[in-house]
């Protein structure tokens with residue numbers, strides 16, 4: 001328990017205020033024994049300027065620095081060595097955090113009618129608070145992702161500070177007195193809640209090994225899926241009974257307990273950050289300034305301005321120059337935009353055609369969760385009974401092996417959309433179009449899992465930047481989708497409008513198959529691929 005509190009944001013604050021007298025690390029205790037390897041000179045034949053996570057002894061660099069590493073392969077400070085219970089608990093916190101932020105987007109949908117009446121704005125303009133929130137949480141990772149990769153900062157300070165501000169700014173958002181103020185506050189909400197979008201996967205990657213990581217990523221994606229789908233249900237009946245502000249207050253109520261658990265229990269998972277702080281403690285203990293972590297040595301040659309500039313420019317450069325990443329960003333942006341167009345299509349279909357009230361409309365959105373849960377079960381079975389035994393028997397396969405489920409799932413999005421488009425009429429029971437959306441949601445879930453594993457395996461050195469760039473592309477497209485979807489459906493009708501989107505998603509079928517068969521050749525020609 002003490003270790004959990006010590007490594008949390010609150011624990012680190014208590015250590016700072018007590019000048020490290022409270023919640024001490026082993027190196028700060030009187031009974032600590034310095035590992036023998038650090039007490040002797042290191043043979044010059046062992047000089048090496050690199051370090052990896054498997055070494056258990058310090059290495060002397062060509063510059064005379066002693067590299068601080070893990071004390072051994074079972075070092076409990078290494079997130080990969082944490083117990084399954086602790087790793088799973090951290091995963092749950094990240095998933096809840098992600099759920100709250102994503103839920104904060106769509107939970108607003110049921111308030112649009114009330115906002116139109118109070119602020120006297122059009123239906124299209126009442127969608128702006130949702131669109132700006134989505135745009136902002138796509139822009140945020142371009143800053144928060146590279147910031148969390150700086151070892152002296154790490155992941156926890158970014159999480160703790162931004163989510164605290166997210167909660168605080170949610171209060172004035174709930175009592176905004178004019179429409180302009182509501183727009184600004186919703187944008188800031190999305191921006192401050194965005195670190196979990198890019199850094200969440202990085203946190204899971206810090207802890208889980210190669211076999212467990214796909215399960216963690218799948219659960220994290222599930223949390224992201226559930227957020228927008230459950231938002232209208234959580235707020236629908238409350239808005240009917242109270243007022244449109246109730247949905248925004250629910251964001252405050254959801255984020256408060258999650259923030260409390262995060263501040264008290266979420267440990268730092270970035271390995272470079274953990275080793276940097278260990279090196280500082282060892283320098284204080286021994287007085288030997290040669291003791292440095294690899295990140296401290298590396299950052300001497302990196303300027304912060306160039307680091308941030310490269311982190312923001314690199315995703316754009318790779319997207320333009322690498323056909324595989326270009327397709328991935330375009331396709332995921334399309335399916336994400338279609339997903340958010342549902343928040344404009346559903347009110348037309350279920351309230352106008354089928355007579356649902358605002359509360360029942362929220363229930364209709366749960367078909368997304370049903371589809372995703374079925375897909376999650378299928379994907380987990382695939383990992384457990386096909387992928388893992390294959391790797392254990394024959395070793396690692398090419399990255400394209402991860403795309404096999406997507407080869408079948410890519411037919412689901414257009415099929416589900418066409419089913420929704422041409423069964424969403426008053427003469428056909430509402431369950432028919434709802435099944436279409438469930439098919440769409442489940443197939444997209446599997447496609448995203450395949451892509452989210454393929455990209456970091458193919459471009460490991462640029463994974464963080466690529467995920468941040470992908471977040472921005474998806475969110476920018478979704479923002480536009482929220483604004484153009486209603487005019488599209490009103491002018492073309494649900495049948496033709498959704499069929500247009502289904503036709504566009506057909507392009508992804510060819511793209512996925514081409515990527516599977518030509519991915520290896522494309523990577524061989526790419527200067528960015530590993």
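Easy rule for this one: first residue shown is 1, then count along the chain.
Using N, Cα and C of the backbone, Cβ positions are placed for all residues, glycine too.
Just so you know, TrEMBL annotations never went through curation; they're auto-generated.
Sequence-distant contacts of the transmembrane segment (89-110) (same chain, six or more residues past either end, CB-CB distance under 8 Å): 82, 129-130, 133-134, 137, 159, 163, 166, 170, 186, 189-190, 193-194, 196-197, 200, 203-204, 207-208, 216, 219-220, 222-224, 226-232, 234-236, 239, 244, 247-248, 250-251, 254-255, 258, 261-262, 265-267, 269, 343, 347, 358, 361-362, 365. Among the features that TrEMBL reports, transmembrane segment is placed at 89-110 (among others).
What TrEMBL records for 90-530 is domain 'Major facilitator superfamily (MFS) profile'. The average pLDDT the prediction assigns to the domain 'Major facilitator superfamily (MFS) profile' (90-530) is 91.
Summarising the annotation, TrEMBL assigns transmembrane segment to 130-147 (among others).
Tertiary neighbourhood of the transmembrane segment (159-177): same-chain residues 9, 97, 101, 104, 140, 144, 185-186, 188-189, 192-196, 199, 245, 248-249, 251-252, 255-256, 258-259, 262-263, 266, selected by CB-CB distance under 8 Å and a gap of 6+ residues from either end. Positions annotated as transmembrane segment by TrEMBL: 159-177 (among others).
TrEMBL lists 217-239 (among others) with the feature transmembrane segment. Residues 91, 94-96, 98-111, 114, 197, 200-201, 204, 246-247, 250, 339-340, 343, 357-363, 365-366, 368-369, 372-373, 376, 379-380, 441, 445, 448-449, 452-453 of the same chain lie 6+ residues outside the transmembrane segment (217-239) yet bring a C-beta within less than 8 angstroms of a C-beta in it.
Counting only same-chain residues 6+ beyond the ends of the transmembrane segment (324-342), those with a CB under 8 A from a CB of the stretch are 134, 228, 318, 365, 368, 413, 417, 437, 440-441, 444, 447-448, 451, 454-455, 458-459, 466, 469-470, 473-478, 480-482, 485, 488, 501, 504-505, 507-508, 511-512, 514-515, 519, 522-523, 526, 528. Under the heading transmembrane segment, TrEMBL lists 324-342 (among others).
The transmembrane segment annotation in TrEMBL covers 362-382 (among others).
Annotation source TrEMBL lists transmembrane segment at 403-424 (among others). Non-local neighbours of the transmembrane segment (403-424) in the same chain are 335, 338, 349, 353, 375, 379, 382, 432-433, 435-444, 446-447, 449-451, 454, 494-499, 501-503, 505-506, 508-509, 512-513, 515-516, 519; each lies 6+ residues outside the stretch with a CB under 8 Å from one of its CB atoms.
Among the features that TrEMBL reports, transmembrane segment is placed at 430-455 (among others). Same-chain residues lying 6 or more positions outside the transmembrane segment (430-455) and placing a CB less than 8 Å from one of its CB atoms are 201, 214, 217-218, 221-222, 225, 229, 325, 328, 332, 335, 338-339, 342, 349-350, 353-354, 356, 364, 367-372, 374-376, 378-379, 399-400, 402-406, 409-413, 415-421, 423-424, 463, 466-467, 470, 508, 512, 519.
The transmembrane segment annotation in TrEMBL covers 476-494 (among others).
Counting residues 6+ beyond its ends, the transmembrane segment (500-518) has Cβ neighbours under 8 Å at 324, 327-328, 331, 334-335, 338, 341, 400, 403-404, 406-407, 410-411, 413-414, 417-418, 421, 447, 488, 492 in the same chain. The transmembrane segment annotation in TrEMBL covers 500-518 (among others).
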